[in-house]
Amino acid sequence: MTWRSPLALVRDALQGQRARERELRSLVSNLLYEGLEKAKQPNRFFLSNAIKTTKYSLLLFLPMNLYEQFHRFANLYFVGIAILNFIPVVNAFQPEVALIPICVILLLTALKDGWEDFRRYQSDRKVNNTPCFIYSRYKQYVERRWKDVRVGDFVRVVSNEIVPADLLLLYSSNPNGVCHIETANLDGETNLKQRTVVSGLWAANLGFEPESFNSVVVCERPNNNLNHFKCFVEKPDKDKVGASIESLLLRGCTVRNTNHAVGFVVYAGHETKSMLNSNGSRYKRSKLERKLNADVFFCLLLLFTMCLIGAFGHYLWLESLPGVPSFLVPDSNGHLDVPSLESFYMFITMIILLQILIPISLYVSVELVKVGQIFFITNDIDLYDEETDSRIQCRALNITEDLGQIEYIFSDKTGTLTENKMVFRRCSVMGTEYPHKENAIRLDVMDEPESEEEVIFNQHQQLPRTRWSLESEGISPADTQQHGRRRKSKVAANAHSDVAFSSPLETEVIPDQKLLQQISRAESSGGRRDGNRNFDPHLDFFLALAICNTVVVSMENAHRQRVTGAFFQRNKWNRTRSEDPVIDSAKTENEADTNELQTCSLHPPSQNGSTIAEAEELCYEAESPDEAALVYAARAYGFILLARTPDSVTVRLPSGEDLVFEVLDTLTFDSNRKRMSVLVRHPVTKDYVLYTKGADYSIMELLGTPYAENVSGIEKNIAADTQYHLDCYAKDGLRTLCITKKVVSESTYQSWLGERKRAQAAMECREELIMRTAVQLETNLTLLGATGIEDRLQENVPDSIVALREAGIHVWVLTGDKPETAVNIGYACRLLEEEDLVINMSCKNKVTCTSNLDCTLEEVRRYGDDLRNIGTTQNISLVIDGNTLDIAMSPDLQQRFIELTKHCRSVLCCRVTPLQKSAVVKLVRDKLKVMTLAVGDGANDVNMIQAADIGIGISGQEGMQAVMASDFAISRFKHLKKLILVHGHWCYTRLANMIIYFFYKNVAYVNLLFWYQFFCGFTATTMFDYWQMIFFNLFFTSTPPIMFGIFDKDVSVEVLQGVPELYRTGQRKGEYNFLTFWISILDAFYQSLVCFFIPYLAYQDSDVDLFTFGMPLNTAALFAILLHLAIEIKSWTLVHWAIMLGSVALYFVVTLAYTAGCVTCNPPSNPYWILQSQMADPIFYLIVTLCTVVALLPRYSPPLCICRQLDRMDPSTRDQWIKEWRGFRGGAPAKRYELPDPPSPTLETPVDFFPDFLPDSDFMGDDLSLNVIAESRQRAVHT
């Protein structure tokens, strides 16, 4: 290795930093520079592919870990106290003894950190040594390790292999230049994605030769955005070819269904997008932890106050001495320090003596308790989802107690409240509505309860059955629930599939007979073959459904092999259809039933050599459930998507003829346009056709003249009729999409294509330019029709929302759906109730919005100020759209908007964007100073989840982005009920009471030393042995509070779920507040006074020595502290008994052994045989018993709250009581009355306390009325 001067190394480091910080990077191939020294390689400034996630090195572990631990104020405080104890003039203990507690804490923490870092080191080593293939100058691919990959290398990846770095795709073995990848390791999405080779670099029919690549790759600086990538390749002739994320293979992705591919390394190691997104565990400070830190500060003030009293008392004692006593030893010069200086020294000595007033083990105990709480949460069988084989994940380890203090919940709708299984229900084509009644009957059968006789029609993914109809079988709709070949509904509807959005519930569609006949007439009329005329609009409608999407087509029998490795946690979806026993058995039944089904077809089988079986084996992998539902709907009518490449889409018509459409461009969906388009060249008419689908409000304003030459006068109002159908769909809770078509002229296309290429090659404002070209083309659209897709509510969502509201939690739903759809779902999930007054706010401008806010607020306040309405609940709900929400959140209207929402028990925000979701959460959190929780399932919910105090991700069908950004992950919304109402309540009450107990325990024990100072001249003398003081906190009383924080249950699961109002005890101030903290401190002072002065009075005027006097105090304090905890424990188990009795036994065993062997361990005073002598004296037992009884006397009153009395009832009696109380609460009059908050499970309530229900006359208040838009709805609730 060539020696280089330090100056040259510094210069290279600065150059490298500047090169990495540039906005654009120019990269060249490494082949020409292979073998040269590093200083001559052009890509040397960029990071290598080796990764290092460890925090420490072997040599620097100790200093770095200590430095990190000393960032905790408590550790720094105790180390400082231990150092002070080495100063002879102020020391209170033996210096070595004072170091033991803090050393034990630091050692345990260091061992934990070291073990975690060692595991990271092992993982890094395995990843860095993974083999890969890199092209060398010897014109062959050689095997290297991932850590050897550098920017500018050519890397070859094969099928089922993980991509080692971010590669710009230059070659694929697929003849269409496509490489399929799976991104489950990055975002959890299991559907395949297509990546295309950078076009225009060489002929597609020639093999790729890396040594001939002499272009320059210019790309943007690395960032963590997984969905965007800016790059262009500059050829030697200065021609630029744009590239985007569609040509980038990300590190961590897996190559699928592609033999091999070659890529150029643009980012390596820690600069890859996957590594930039690896943030590890999220760290948040809980509300309880912030309160704990404040109380530690109060304890510090209390400590200094006690030390000041001690110093002042010592000064007065020295001043009161008539002479110089013999026990005061002068210095080497024979002089004594003046009293003022002695009192200063005594102040420091008292700090050392009373240091345990600050609980040294509290922070460690809190961490242990949280680990135990997380263990029980993750192993709760009720939070396990059998269908997805998943349980709850706790990704943030230190905010479990915040689950018990939630006041506002913000929820997404699609995939969170609903299944995200999109079912095609209805459609409107050219102004005519087709209700699909037969399909509705099939879905109703699926919803019926399971029994041996109740099964559904055998509708697996086979083409003959997609054309089957009830009429063709001679079966009337009334007989469908009793006749026909059927399968069990739940098995068919929920059968697990390896491919997202492909359950039978989603894929099977029974065509509408009227629409089927219309398509048949359109096909037989020959209009589809006349090049001088447009395709029939009915055919165009289904062609648009099949073409306008990004669905990837593969074969069902294409098995995805898994590459196992310790460096990635893989999802368990790699089973093929034949490997799933449920699917396999269903398939067998299908095959048995096929022969008995008489199917009908529009046309004879295909004559081009293709068989029906080939279409049956197709597998559709969609990025969204809407796309999958529409493709399967088109397939049901015979429009089968057969293949998709970057340049073409192949669709089979009902006649069996295959049409290959040349794909000219795809205008992808974005949240601004709310639509997507595909520009194709029609193989029959040779026209340039733009198929577009999107939200109705984004499509209707772009319409042109619809088929003017083909429609009659009655059908001129197609747009109006379709809009009416869309409104009806939305009121029924269906998701709506509009389908359009546009024929683009040759000249228009060529002009637009030039602008499109320039936009794709731009490095500045590329997204804006690309979107502008898309908007430019999407004008004067021709309306074909609309679709209505149902997204069903998840199980038990209404019950969960009602329980959360009864718990005092405000529930907001933020959705991108149109208001009609959102309101319908709101009633179905009981976010809105029939008796609610619904305020609809939809304003076009700020003036109207301001007026509406002011008027509504005035009416609400007037209602609240009315004396007749005091004590009543205002059942008000707010529905607001995205545009109005933007206006209401402007700085001058924020306060009025927040004031209005405080009076609403539910808020439904429609047409909101992801950014608006996060802005709403931040506004409520910051303005109201409340604890917020956000729950969502998709990438559009990530901002909202991260903005809330607690983020909950639902592992649904749209990938794992929400889960990866969350603090907790669940699989069903119904799990939120138990997670919050039960585990949240337990975690908070346990931890709050444990922290209060910790402060009480330390203050009570320290005060024993403090009271003695009044009788020893404030000389910091102790009546306990030093080792016993250390053992008391480290061993004798440390485990019981941890056990208490992990296992205690103040109220049972059944009562917490049956009476959600109990959850309110943790909201706002909760059980751990300023009052409860200082009450516990005063209780500690009282108990310490009792435990000190009873032994003092008993031994007064006796000749007992110091340790003999201290032993009963120590023992009485132990029993008082442990029995205090025993009174606090609400549910006793074997673990409680073992730990409590074990602590007492440990005290006596250790103390007896220590006093028996400690002959000269603490000269001149030694506690030799002290306890043995005491235990032989009856006075010892009398003192200990009397002290314990008197100290705990205030806690001997028989308090019992109503919820604990319910726990002691017989389960059937308890359930009946809760049911009757719930029935009373659920009555119409009771809903108008605001019952008082229930008593805290830990607060004391008399045994005979039961709420005296108020007479009916107390509930006869005036009904609420506001001058706003309200709805009184009487409808059946659809779940």
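Glycine is treated like the rest: Cβ placed from N, Cα and C.
Marked as domain 'P-type ATPase N-terminal' by TrEMBL: 42-97.
Residues annotated as transmembrane segment in TrEMBL: 73-91 (among others).
For the transmembrane segment (97-115), the list of distant contacts is 55-56, 61-62, 65-66, 68-69, 75, 78-79, 81-82, 85, 91, 352, 360-361, 364, 1026-1027, 1030, 1033-1034: same-chain residues at least six beyond its ends, Cβ to Cβ under 8 Å. The transmembrane segment annotation in TrEMBL covers 97-115 (among others).
Annotated transmembrane segment per TrEMBL: 292-317 (among others), in sequence order.
The transmembrane segment feature in TrEMBL is assigned to 344-366 (among others).
Annotated Mg(2+) binding site per TrEMBL: D412, T414, D937, D941, in sequence order. Counting every protein chain shown, 31 other Cβ atoms lie within 10 Å of the Cβ of D941 (Mg(2+) binding site).
Within 10 Å of the C-beta of D412 (Mg(2+) binding site) there are 28 other C-beta atoms, taking all protein chains into account. Taken from TrEMBL, the feature active site, 4-aspartylphosphate intermediate applies to D412.
Positions annotated as region 'Disordered' by TrEMBL: 472-495.
Residues or ranges marked as domain 'P-type ATPase C-terminal' in TrEMBL: 963-1196.
Annotation source TrEMBL lists transmembrane segment at 1012-1036 (among others). Long-range contacts of the transmembrane segment (1012-1036) within the same chain: residues 92-94, 97, 100-101, 104, 310-311, 313-314, 317-318, 346, 349-350, 352-353, 356, 359-361, 1002, 1005, 1092, 1096, 1106-1107, 1109-1110, 1113-1114, 1117-1118, 1143, 1146-1147, 1150-1151, 1154, 1158, 1161-1162, 1167, each at least 6 residues beyond the stretch ends and with a Cβ under 8 Å from a Cβ of the stretch.
The annotation transmembrane segment is assigned in TrEMBL to 1074-1097 (among others).
Residues or ranges marked as transmembrane segment by TrEMBL: 1109-1127 (among others).
The transmembrane segment feature in TrEMBL is assigned to 1134-1155 (among others). Below 8 angstroms of C-beta separation, residues 1025, 1027-1028, 1031, 1035-1037, 1039-1040, 1043, 1047, 1115, 1118-1119, 1122, 1125-1126, 1167-1172 of the same chain, each at least six residues beyond the ends of the transmembrane segment (1134-1155), sit close to that stretch.
Sequence-distant neighbours of the transmembrane segment (1175-1194) (same chain, 6+ residues past either end, Cβ-Cβ under 8 Å): 1083, 1086-1087, 1090-1091, 1094-1095, 1098, 1111-1112, 1115-1116, 1119-1120, 1123-1124, 1127. Positions annotated as transmembrane segment by TrEMBL: 1175-1194 (among others).
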Per-residue pLDDT averaged over the domain 'P-type ATPase C-terminal' (963-1196), given as an integer: 90
Contact call for the transmembrane segment (344-366) and the transmembrane segment (1109-1127): at least 3 Cβ pairs under 8 Å, seq gap 6+: no
Cβ neighbour count (within 10 Å, all chains shown) around T414 (Mg(2+) binding site): 25
Cβ neighbour count (within 10 Å, all chains shown) around D937 (Mg(2+) binding site): 33
Counts of helix, strand and coil residues, the domain 'P-type ATPase N-terminal' (42-97), according to DSSP: 24 helix, 0 strand, 32 coil
